[in-house]
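Chemist: Relevant sequence annotations retrieved from Swiss-Prot are reproduced here:
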type	residues	note
DOMAIN	14-85	domain 'KRAB'
COMPBIAS	119-129	compositional bias 'Polar residues'
REGION	119-139	region 'Disordered'
ZN_FING	172-194	zinc finger
ZN_FING	200-222	zinc finger
ZN_FING	281-303	zinc finger
ZN_FING	358-380	zinc finger
ZN_FING	386-408	zinc finger
ZN_FING	415-437	zinc finger
ZN_FING	443-465	zinc finger
ZN_FING	471-493	zinc finger
ZN_FING	499-521	zinc finger
ZN_FING	527-549	zinc finger
ZN_FING	555-577	zinc finger
ZN_FING	583-605	zinc finger
Amino acid sequence: MPSARGKSKSKAPITFGDLAIYFSQEEWEWLSPIQKDLYEDVMLENYRNLVSLGLSFRRPNVITLLEKGKAPWMVEPVRRRRAPDSGSKCETKKLPPNQCNKSGQSICQKLVSAQQKAPTRKSGCNKNSVLVKPKKGHSGKKPLKCNDCGKTFSRSFSLKLHQNIHTGEKPFECSNCRKAFRQISSILLHQRIHSGKKSHECNKCGESFNQRTTLILHMRIHDGKEILDCGKALSQCQSFNIHQKIHVVGNVCQCRKCGKAFNQMSSLLLHKKIHNGKKTHKYNKCGRGFKKKSVFVVHKRIHAGEKIPENAKALSQSLQQRSHHLENPFKCRKCGKLFNRISPLMLHQRIHTSEKPYKCDKCDKFFRRLSTLILHLRIHNGEKLYRCNKCEKVCNRHSSLIQHQKVHTKKKKLFECKECGKMFSGTANLKIHQNIHSEEKPFKCNKCSKVFGRQSFLIEHQRIHTGEKPYQCEECGKAFSHRISLTRHKRIHTEDRPYECDQCGKAFSQSAHLAQHERIHTGEKPYTCKTCGKAFSQRTSLILHERSHTGEKPYECNECGKAFSSGSDLIRHQRSHSSEKPYECSKCGKAYSRSSSLIRHQNTHSEEKA
């Protein structure tokens, strides 16, 4: 039956040739090492899949070449052997040298006979040999020219691939994260991040990798091979350095300007860009720097009071978001913080997950960062590397030394921002800070209509309304909406209070708190109420007082709806719902929800003694 025959033809089995992709020498040289690795992975995987299906066909030459580590466009020299079986319609023969006098390679030529043109599937060519045709490149003719840079190509494929560099076209988009790529090989490699596929496994320790090159570098750890110095071959010894520093405390890459330590030279080089001022376009009025001249120009227009046209609103918004969306595309889903690279984001996320993968073998303490573990191990080794030139105190961290030295420099005058009360050690820092209050504020809170100059400030502010507190203290479990609040809180546990009052000796963890405390001795009250003229030593006290005139009560209880003028009053009130009594008498164990109630109770014990 004719219809049956036609049906059988349409169900012909798939062959390796249907899935294979072949490159000429010129096209192969265009590929990067990562793309070549990807090509090898895909071809070998396709071959294994077909074999696993039980399909019978000859081993393709391209697979043999790839397994031997040779370039897939090369063809092995033809051995003297018997002609292939009658089922194959392919022959491999060496062309006479005069047919290609500039190429010294053997060329596999497929000879198609009249019988091969028959419509039946069986008479097709089953031999998957890699064809390398005599190239136009030998004659020196490259008819295809790039109009942008004048570079010539012998194939339209190569020209199109090259032109994407000039046009910036990235036609291949990842469906998971919308990241775009110029070449399909790049997107295939990228998608392994989402799929978690790691096809290259170490046969010694079982660790898997996305790329073959990474596996080869990893194998050097087991082989114990000498790795070149970081400065000479950083890209080749990076994996070894990471692994080595888990076991060896030494050779820490340290920034000479700020003392920050890194476990990789590449991380240090990236960090140094902060100090070397890579933002070449700096505006003198506010001190801000910009990488792009176009953004710098728009920023100057805002200072000049020039109105940005309606059609340039998007550009103005991108200016405000430059440090977040343009330069920091990676966002934390928990707290909204933005990062310029995925690796700092992954490190940051450990704050929320409490993941601490690095363990100290001596005291079983765990750490989020390898660099922190390395610094911690110095405590066990008795190392104290940083000495104060004022009092000879030694610290094992440069950051601790800087913090300590503030004790000696505390007498320097602090400059306060009249808008928010924040303190600064110099007028230059205060001036830069004051731009926050004067600049355009396009980000508005939909709850209270407060406006902000940066999206990150808005995200932090909105936590007041949502009650979200993503930063938790590991010591006592107390949670905070801002990371800086957690950092300050941790000083309670470490008892690190470098700021001491000259009058009474009381110490503080923050310079701003010391400045506020010193007003008790001086009697200074710089904050005056415009309504009644009452003066206060702290701005927060003035804000709370002003609410008595306005009747504003922004803090509302979720349980009963009662509102309060201060957050502390709300916290005290909420204890009536939770029955929480954190203030306990050390003598009789009786507990209270308010500290004032505890003080009154403790007076009864003192009266009994009397």
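Cβ atoms are placed via backbone N, Cα and C, with glycine included.
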Chemist: Return the stretch with the most CB pairs under 8 A relative to the zinc finger (499-521), choosing among 358-380, 471-493, 555-577.
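Modeler: Out of the listed stretches, 471-493 contacts the zinc finger (499-521) most.
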Chemist: For the zinc finger (555-577), give me same-chain residues lying six or more residues beyond its boundaries with a C-beta closer than 8 angstroms to one of its C-beta atoms, as numbers and ranges.
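Modeler: Same-chain contacts beyond the ends: 467, 544, 547-548, 593-594.
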Chemist: When secondary structure is assigned with DSSP, how many helix, strand and coil residues does the zinc finger (443-465) contain?
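Modeler: Split by secondary structure, the zinc finger (443-465) comes out as 11 helix, 4 strand, 8 coil.
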Chemist: Can you give me the average pLDDT across the zinc finger (415-437), rounded to a whole number?
Modeler: 74
